[in-house]
Amino acid sequence: MVVDDSAVVRQVLVGVLNDAPGIDVIATAADPLLAIEKMRQHWPDVIVLDVEMPRMDGITFLRKIMSERPTPVVICSTLTEKGARVTMDALAAGAVAVVTKPRLGLKQFLTDSADELVATVRSAARANVKRLAARVTAAPLEAEVKHTADIILPAQSGRALAQTTERIVAIGTSTGGTQALEEVLTALPRVCPGIVIVQHMPEKFTAAFAARLNGLCQIAVKEAANNDRVMPGRALIAPGGKHLLLRRSGAQYFVEVLEGPPVNRHRPSVDVLFRSAARAAGSNALGIIMTGMGDDGAAGLLEMRQAGARTVAQDEHTSIVFGMPKEAIKRGGADRILPLGAMAREIVTQLQ
């Protein structure tokens with residue numbers, strides 16, 4: 001079901017989704033109250049939802065859905081500061097993913113973002129609904145060519161390990177990751193290793209996400225800027241639309257934020273971060289791959305393990321989408337498989 005107050009946007013979204021094999025839009029609605037009437041007749045598997053609508057706002061509607069019958073919800077939001085803030089509230093309320101809303105001149109959306117919408121809806125349809133409900137009560141395909149991390153950080157022969165004792169943590173996640181990261185980071189004490197994070201998310205949304213977490217956590221959380229130092233008690237989140245690399249200067253770590261083609265169809269890419277962590281930190285790193293669709297991060301986690309790092313994959317039971325962790329486990333990249341609730345404790349042990 002598509003719920004949006006713009007008839008033009010509804011028409012475009014429905015056209016894109018109905019053209020995709022295996023997807024059938026059973027209904028549309030101009031506001032949540034109309035949506036509720038239609039859902040009583042036929043409940044959808046996935047809802048694509050605008051968050052700013054008349055009569056009932058999208059957040060209230062989302063909370064109603066999650067309390068009555070948890071259902072995967074994809075937020076379709078505008079690329080504005082206000083839209084980003086509201087979208088963060090929606091993700092906290094149980095939405096599984098966010099896509100950017102098409103603008104009125106819809107050619108660019110049809111060219112650049114249709115595949116992302118379809119992939120996100122398919123990913124949402126596979127979401128662990130029971131886990132979604134438990135959370136509430138308690139990324140983008142950008143290119144046809146699938147690049148590897150080699151295009152950003154070419155593979156090396158031999159191993160160049162870090163000569164430093166400072167510990168760092170690298171985390172990669174996608175669908176369901178905003179809720180997972182909130183659960184992990186809010187459980188951390190002020191004294192913990194420096195953390196670098198890739199969460200698949202459109203540009204302009206990561207700053208609002210980082211600001212929200214910063215207000216909830218004991219540690220500091222910010223959107224990464226080029227040359228930011230990785231410090232104990234602080235987490236840096238890759239900005240949407242940019243790659244994030246870990247670098248080292250002497251005994252200190254810092255990050256590089258750079259442009260470049262999508263890797264595994266994502267920018268930022270988890271593989272890029274993990275490969276850079278393997279090179280910069282070696283055995284002083286902990287790599288964690290969590291809920292998400294696809295295989296981004298699977299190759300990079302294996303590289304981290306081969307460089308001597310401890311590596312962890314989230315288990316299937318607590319993952320919203322058991323795609324990225326499953327692929328990492330399959331390739332031998334994870335030396336441990338842990339539930340989400342054990343991740344914070346695992347991070348703290350990096351200090352020991």
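In case you wondered, yes, glycine gets a Cβ from its N, Cα and C as well.
Quick look at what Swiss-Prot lists:
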- 1-116: domain 'Response regulatory' (DOMAIN)
- Asp50: 4-aspartylphosphate (MOD_RES)
- 162-352: domain 'CheB-type methylesterase' (DOMAIN)
- Ser174: active site (ACT_SITE)
- His200: active site (ACT_SITE)
- Asp296: active site (ACT_SITE)
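The DSSP breakdown of the domain 'Response regulatory' (1-116), given as helix, strand and coil counts, is 54 helix, 16 strand, 46 coil.
Set side by side, the recorded positions Asp50, His200 differ in how many other CB atoms lie within 10 angstroms of their CB, and the most is found at His200. Taking CA atoms as the reference points, Ser174 (active site) and Asp296 (active site) are 9 Å apart. Counting in whole angstrom, Asp50 (4-aspartylphosphate) lies 28 from Asp296 (active site) by their C-alpha atoms.
Of the listed active-site residues Ser174, Asp296, the Cβ environment within 10 Å is emptiest of other Cβ atoms at Ser174.
Look at Asp296 (active site): DSSP puts it in coil.
The DSSP secondary structure for His200 (active site) is coil.
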